[in-house]
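Note sheet for the following structure.
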Amino acid sequence: MKFAVIVFPGSNCDADMYHAIKDGLGEEVEYVFHTETSLDGFDAVLLPGGFSHGDYLRSGAIARFAPIMPAVIQAAEAGKPVLGVCNGFQVLLEAGLLPGAMKRNIDLKFVCRTVELVVENNETMFSSGYEQGQTIRIPVAHGEGNYECDDETLAKLRENKQIVFRYNEHVNGSKGDIAGITNERGNVLGMMPHPERATETLLGNDQGLAVFTSILRNWRESHVTAS
């Protein structure tokens, strides 16, 4: 399986994402810069955290118009796994690949610590490696992770089981304690916590690795079935 890590000006978690795939998952991975226009040959797309374009205007608002984004949207429409973490989640929201928006954290402070999450839906291509209702600990690092949507959208997210991860503690004021959601099809996931920073027991936590092993397992199963 071949992964693309999209690199925007100001991305600072691209190397972590690359390491998680190459060394944690043992799969092929390449950096793809924002100036590129094609993702041909890649099986999954990863949008890492950071401060793309300095987070000017809004987080992800400028990156959304990068030359690579039409290819990201095309990959999502083709059913390929697309994962946006932290700033990557914000870019997916700005691009309309996921519903809702991000606001400043409710206390107006940057939060950088390991938090407790609950796996709300383990039937997605990103979460099948977890148990339903499992509690996990994953690092966060953001100033604008306060997820917002209208009540109708929130009800729809719940009804369609699009909420994959939920905070199990106060973190940023996110509506419904949402930490990660998918699109209706289930192949695009945006999450504020950083699973790529929790893939090695050597560093004290490997509970994020299952996000990536889930993607790989789903891809292998679908390709074996297809063949």
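From the backbone N, Cα and C atoms, a Cβ is placed for every residue, glycine too.
These come from Swiss-Prot:
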| type | residues | note |
| --- | --- | --- |
| DOMAIN | 3-227 | domain 'Glutamine amidotransferase type-1' |
| ACT_SITE | CYS86 | active site, nucleophile |
| ACT_SITE | HIS194 | active site |
| ACT_SITE | GLU196 | active site |
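Here the CA atom of HIS194 (active site) lies 7 Å from the CA atom of CYS86 (active site, nucleophile). Of all the active-site residues listed here (CYS86, HIS194, GLU196), the one with the fewest other CB atoms within 10 A of its own CB is HIS194. According to its DSSP assignment, HIS194 (active site) is coil. Under DSSP, the residue listed as 'active site, nucleophile' is assigned to coil, being neither helix nor strand in the three-state scheme.
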